[in-house]
Amino acid sequence: MAEARGLSGNGVALRGPYISMITNHTTNLLIRGGMLFAVGVFLALVLNLLQVQRNVTLFPPDVISSVFSSAWWVPPCCGTASALIGLLYPCIDRHLGEPHKLKREWSSVMRCVAVFVGINHASAKVDFANNVQLSLTLAALSVGLWWTFDRSRSGFGMGVAVALLATLATQLLVYNGVFQYTSPDFLYIRSWLPCIFFAGVITMGNIGRQLALYECKFVQEKIHQD
């Protein structure tokens, strides 16, 4: 009986740190999701402003409701997608047993964001002879972004999958008259759009990985302290 009570007592003693760890993980998950959402909203506002100013995308006047000349639903959708991608990236890495160890520092992440913004800038402002040349150039830049800052199979696979799904969703939105692209050459959109989605997935994935790395360091330090 004494031994049983001792085991029970140990169980209760261990339960407190266990519950505390779960609570901390949930809190950190919410914080990471909120930060990723905020970054996604900010990038959506800035990049969509660039596209609208260059008349790459056109929104009907009745749906333009923000100071950045963007439809109200664009930033929340991009923020939600950014949060999901940034949270899924580390989970997929752990599931595949493929820990990401390439350039794990914030300076690399910031360079990745800068290249992503540059790719968007090129899609809106750089004049090419035709859309095919522009699409091939942006495709090469997007793959180069993955090779420089990611190089993981999970990152490439998720980038391709999300790019295809996002392109299909955009086709449906344009088909239903929510907005439109000037000079569409790939059904209702521009052929370079999947490259932008792919580069965006790689960028948000790298931000999510870096945030997850800090959570792992925090948990390990807490375990050592306990």
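Positions of Cβ are set from backbone N, Cα and C atoms, glycine also.
Range with TrEMBL annotation transmembrane segment, chosen from 70-89, 90-109, is 70-89.
Looking at which of 70-89, 156-175, 187-207 has the most CB pairs under 8 Å to the transmembrane segment (29-50), the answer is the stretch 70-89.
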